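Here the structure comes first, spelled out in structure tokens, and everything after it is commentary.
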Amino acid sequence: MTLTERLREKISQAFYNHGLFCASYPIPIILFTGLCILACCYPLLKLPLPGTGPVEFTTPVKDYSPPPLTSDHKPGEPNEQPEWYVGAPVAYIQQIFVKSSVSPWHKNLLAVDVFRSPLSRAFQLVEEIRNHVLKDSSGTRSLEDVCLQVTDLLPGLRKLRNLLPEHGCLLLSPGNFWQNDRERFHADPDIIRTIHQHEPKTLQTSATLKDLLFGVPGKYSGVSLYTRKRLVSYTITLVFQHYHAKFLGSLRARLMLLHPSPNCSLRAESLVHVHFKEEIGIAELIPLVTTYIILFAYIYFSTRKIDMVKSKWGLALAAVVTVLSSLLMSVGLCTLFGLTPTLNGGEIFPYLVVVIGLENVLVLTKSVVSTPVDLEVKLRIAQGLSSESWSIMKNMATELGIVLIGYFTLVPAIQEFCLFAVVGLVSDFFLQMLFFTTVLSIDIRRMELADLNKRLPPEACLPPAKPVGRPTRFERQPTVRPSMPHTITLQPSSFRNLRLPKRLRVIYFLARTRLAQRLIMAGTVVWIGILVYTDPAGLRTYLAAQVTEQSPLGEGALAPLPVPSGVLPASHPDPAFSIFPPDASKLPENQTLPGEPPEPGGLAEGVHDSPAPEVTWGPEDEELWRKLSFRHWPTLFSYYNITLAKRYVSLLPVIPVTLRLNPREALEGRHPQDGRSAWPPPRPGQGGLWEAGPKGPGTAQAQRDLTLYKVAALGLASGIVLVLLLLCLYRVLCPRNYGQPGAGPGRRRRGELPCDDYGYAPPETEIVPLVLRGHLMDIECLASDGMLLVSCCLAGHVCVWDAQTGDCLTRIPHPGQRRDSGVGSGLETQETWERLSDGGKGGPEEPGDSPPLRHRPRGPPPPALFGDQPDLTCLIDTNFSARPQLPEPAQPEPRYRAGRRAQDSAGYDFSRLVQRVYQEGGMAPVHTPALRPPSPGPTFPLAPEDEAGFPPEKSCPSLAWAPSTDGSIWSLELQGSLIVVGRSSGRLEVWDAIEGTLRCSSEEVSSGITALVFLDRRIVAARLNGSLDFFSLETHTALSPLQFRGAPGRGSSPASPACSSSDRVACHLTHTVPCAHQKPITALKAAAGRLVTGSQDHTLRVFRLEDSCCLFTLQGHSGAITTVYIDQTMVLASGGQDGAICLWDVLTGSRVSHMFAHRGDVTSLTCTTSCVISSGLDDLISIWDRSTGIKLYSIQQDLGCGASLGVISDNLLVTGGQGCVSFWDLNYGDLLQTVYLGKNSEAQPARQILVLDNAAIVCNFGSELSLVYVPSVLEKLD
């Protein structure tokens, strides 16, 4: 078994177990899934509802003025401004973005020093902003003149009264945590606790207090003991009521003068106006809502044609809920992970989820409803999932592989889409496997099995067809037969055999081809390729950033490039566009600002272990406010009872501020308790929470090499994934016989439909079989070795037939019946039995109904039965209590052959009474044999000359129901010319099949023989008490092949060893297993040197045939074992009364698979190289896949014909019916031909079918056997 096959088998088994679990516990699983959906959708409260998201409009900063209150736009003219952009905004928001770091980093600094000193500078900045005054010709303006004045907070916000400003300008900064008091800040021993003490314990959906005061998302602030970059970011938020360009420009120039950012490239060119809606926009919801309505309607109208679905509305609603929940879970999880998707109808993501979810729903529905309806609900769900497991996982792996490759392209747009796709695929898979599968099991469970008439053929379950000229598919032409003898239920092609509606054809086409998902995957690959080809800078930018960040030199050690004058202007006439203020003088290199103290030399040399973190400014810093919650600004204004519904605010360009702090300031600002904290300074060798920089050129080279190794590893991983993906596509798209000549799909189309569009149906023929008559009662045991056929009826008569010609070779009557050894007498007895059996039918048989039997001329007719016997009624005595007790014999005496008088018999001698009655009646006395005691030893040789039977008695040809002390025959086996018989008395007999003589026998024991195995020279007898006896058969002369009459048939095996009448046969007891089972043994098989027993104690045991050593005890059934199969390949199959079938590995004793097969006992079981065929008391024949344990199809038999099956070859199955046999193609489940066995056999069902080696079939019709040869058309087909 290859790796792919093993993986496929593991996946199939896992899905099968999952299906059983979902169908067994539906309510808990649905509740658990509902809780998971609610938990994953809870973060959606952070997002706006569809259509309620903020709307933006951008205008240039230069020459900006608030729009008028009324729009002067004329109707019909194009207008670039939105309708809501009228009048002044509620407020103008100015953010001062601060990035601060301690540089250079001292090795003795603590983790808290990363953010304590940078946060302390926020108080200084707030003072500078409040003290800023603009003096011009129009007068003096301060912050109080232009800012938004607020009053009291809402009454319910008492906890925030000391944190948010009241009765003054709305100005927010991290200093608000300490009431803008620097002394409070320095006295605070735990800054982290102070910041997070107002955070909610649960997941907060609106803007938190930390986000409001810091102005940036929490993960970008850097205020954490676990940060890896020693960089702190926060904003000081100013809210203005009026727009004053000069005041804002002077404030920007002053801050950039005091805290310059030399490498800043932020553009201050535009204002962003953000409008907030109040109600849901119905117009934007229409496309998405329409899509889901169409999905609901399509699934409903499609499932109306599926009879196996109880509630069409419920299933359609469950599909819509599954798809919608998958979408909401995906967006909720993405929000929880930090992504902020939108649910606007214009996004493509919701529609992709709809397409993928719909296709998965159709796949699961089609797979489950295609399972056999006679199975339990949980088995149908398990088989449906198992059959589609490989396809589901294969598509899932392919999609994840494409997403993984797309993510490693490092293009931001592709990476964002890949993150969404991964979350969407996982959530959709989760809901399909748990929610929809469980709902589908509940719906199918509601379909009561009583509502489905299993006896009706499939065409009876269809709605009445419209009158058309041509008959519909699977509608058979009228025949002379009243009804079909079977009903077949195919799993893979059950719906293909019917004329499907077009809507179901579309569903099954989408489910079979998975067209939508493959198109999406192909489109994703093309889109990723186009983006990578057109924007390859994503990878280069990433690599350059990695090398720059880990460079030991940085930008400070690089020599300044000579730049011509005029290329990079140092200032701009407009202060808003100037990098440096007009009055700022250029500082010499490595010189601090005038107000900044010089760095002490003692700390500047040899005390830092990492370079200064590079403070960089990128385009993403211009709009960092976009990463805040959409409820950030509405929440802030709502605290002061100001609503933003149907109004807008204007965000001014960000003012960048860079703060570089030296280690002395960090040490001076440290709290006394920080030194005793549990956070020691990082060591140079540690790579845990901190980024340790290189210490020398060697370390720098190692870091640079490590970056290259990372890139190489990513490339290697992408290459491996791509190769595996191509290999999987090759395995999927190319068949196994790819490239082989003549390996086309034409053979599979042969016989796919039992009745095609042209009205072709499998042929029905009638032949005259060879009828084997000779039994008065029903035949109980059948055995054959290919050339000979042995049958035994309930009366105890054994007949030996020639399997080629159908002639009766020998009859072995019941031991209590007198027997004539002459041939003529045997023929007369045959004719008497024939006359008796024919007379029992109520009338003479019509000529031509059955072929005449070949026989010799018979003698004079015998007298009537019991005519020569006297009336023994007077000898009957019912007073048993008055009878004297006979003493038991002290020792058993040897048994002699029939026909010899027993000497010193211990039983009562009735001969005197019988002789007296004969004399009174005037009849001649007869010889009455006495009972034979059992023989004493395990070895039982009998010479041929001792085989004298009863004396000839032609006047009494048949005593069918004479009493016998030997017991009835319970088991029968045939090999060569020897017949082994096991009787209810526990006696084992070996008979000559040709001569009809008893060759040897064993002693009688108290337990009868329930099963026999006759293999080579070994005989194994299983007894009613659970014991096993191993016998060895020996002859005094060499065994010679038996010369059979007639040419050997096709496929016949070499003749089994036989012995002539002159050989002495001895049967030795070699081994005995006294307690093989606790209860009676019901099944016994042997092959490949192994003996397998099955018992009513629910277990199987595997013995070694040569020494009777028990190898394994197999437990897996919950009922008694009824049938066992084993072949030369060590494959063992067992069936029990629990209706289950187990496949075992005889080499290891492990159970390979367990299948719930029938509603009742499993009556027969056989295997081919690829299939397992079982039958049960429910008159159902099931065909299973041998490797996966999946049910392929089932055949409903006539009442009483459930066990009548046989395998002619690996591709041909024969089943019995009411007077007929049917031939099936095992590969496709197609009915090839039905053969009726004449008029006489129509009234009785075929109870048993035995396939001979010469392509002949023996059918058991009660007291008669029919020998049928396989039709020639099937021989050519096979």
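Cβ from N, Cα, C; glycine included.
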(request) With Swiss-Prot open, pick whichever of ASN641, ASN1025 is annotated N-linked glycosylation site. (result) ASN641
(message) I'd like to check whether GLN13 and ARG445, as annotated in Swiss-Prot, sit on the same side of the membrane - that is, whether they share a topological domain name.
(response) yes
(message) Please identify the range among 87-92, 399-404, 447-452, 777-782 that Swiss-Prot labels motif 'ER export signal'.
(response) 447-452
(request) May I ask for the residues of the chain that lie six or more residues beyond the transmembrane segment (424-444) and have a Cβ under 8 Å from a Cβ within it? (result) 18-19, 22-23, 26, 29-30, 32-33, 36-37, 40, 308-311, 314-315, 318-319, 321-323, 325-327, 329-330, 333, 349, 352-353, 356-357, 360-361, 364-365, 368-369, 377-378, 380-381, 385, 392, 396, 399-400, 403
(message) Do any residues, 6 or more residues outside the topological domain 'Cytoplasmic' (1-18), come within under 8 Å Cβ-to-Cβ of it, and if so which ones?
(response) 382-383, 385-390, 392-393, 433, 731, 1187-1190
(message) For the topological domain 'Cytoplasmic' (1-18), how many residues does DSSP put in helix, in strand and in coil?
(response) 16 helix, 0 strand, 2 coil
(request) Sort the residues of the repeat 'WD 7' (1196-1234) into helix, strand and coil with DSSP and give the three counts. (result) 0 helix, 23 strand, 16 coil
